Amino acid sequence: MSFSRINASAATSTRTRTESSPCSGMCVVCLDGCPGTCEIAMSALRGREMLYPQPFGQVTAGSAKEYPIDFSHFSIQGSCVGAEGMEADSDKAIFPNVDLSLEIGAKEKIKLKVPFFTGALGSTEIARVHWENMAIGAAICGTIIVIGENVCAMDPRSEIKNGRVVRSPEMKRRVGIFKDWDEGYGEVVVQMNVEDTRLKVAEYAIEKLGVRAVELKWGQGAKDIGGEVKLPSLKKALQLNDRGYLVFPNPEDPEVQKEFKEGVFGEFERHSRLGMVDEEEFYRKVEELREVGAKYVTLKTGAYRPRDLARAVKFASNARIDLLTVDGAGGGTGMSPWRMMNEWGIPTVYLECLLYNY
Ligand code: SF4
């Protein structure tokens, strides 16, 4: 039995003509003359466009792979004997008295009203558009919200001087919305990838916007590569190329510019680099962030193999950071290759078992 559904998915708007072979995903009878509605045929025609869930900028996506064990295999077990978190008294152990609050953090504590927080919302359009609702919701719930990677650099109104961000209206807006609704619980956290670190985004967020929590990012559950977005304009592609990102095809190339203007292709791609994790460098970076003024330092790790999870636990413990986020496979707010989202990383239940044992 195959756990994966291949060659046809709502994520890529593809389907097969007949029932499909579990091995290849192709129709059991692939017909000469079929217009080619499946992922393989569409890939042959549309190329890398078919790598990503569609339409880009308007969707979030989640893996369709059915692992043998998932959260539906667990049920919550109550008891009629005693009470947890309150007195075992029939008049006190009542619904309105349920308290889910907790504190997280190594030294200084972040108080949460609820035992969950949001995934990071970065520079994708869908994250930008829905930030206000999410940030207000997080503040009212009393939880953490994370501003994902690349927000300053993707902000067309950002000012960058001598290689560092000195102004970003979009970052200011995101931090400001949470703070306006802040009721003393939760926190707004700013995430850092390779490019954010180079642009000194943490320094800007801490010194100019009063941010207290910074997250170092090793990766995400949706993929093992850096963040990506599509860029529908040459101007934006040139701007991000100038800001140090990997932009494909090269927007500086006159031939590429000519082809874009003639409509040969309609979008550039912006890719972020992957950080190269090093133990000593990690400890140095955590200290550096604390010296700049970060009250809380957190780490998010991604769809890597078990020994990298062990590394994350060890480094996080040694550096006494405030929170380690372990992101299970596979979904995301934007541009992650669809097959990678399905076939990469450790499924969440298995990942949590490993984490518990470490
Ligand atoms: S090309 Fe057509 S017949 Fe062949 S696998 Fe794809 S959908 Fe099926």
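Any Cβ shown, glycine's included, is placed from N, Cα and C.
Sequence annotations record features per position, and here TrEMBL assigns region 'Disordered' to 1-23. Proximity of distant same-chain residues to the region 'Disordered' (1-23), defined by a Cβ-Cβ separation under 8 Å and at least 6 residues beyond the stretch ends, is recorded for 29, 31, 34, 37-40, 42, 50, 52-54, 59, 61, 64-68, 338-339, 342-343.
In terms of DSSP secondary structure, the compositional bias 'Low complexity' (8-21) contains 3 helix, 1 strand, 10 coil. Here TrEMBL flags 8-21 as compositional bias 'Low complexity'.
Annotation source TrEMBL lists domain 'Glutamate synthase' at 276-349.
The domain 'Glutamate synthase' (276-349) scores a mean pLDDT of 91 in the predicted structure.
In terms of DSSP helix, strand and coil, the domain 'Glutamate synthase' (276-349) has 35 helix, 14 strand, 25 coil.
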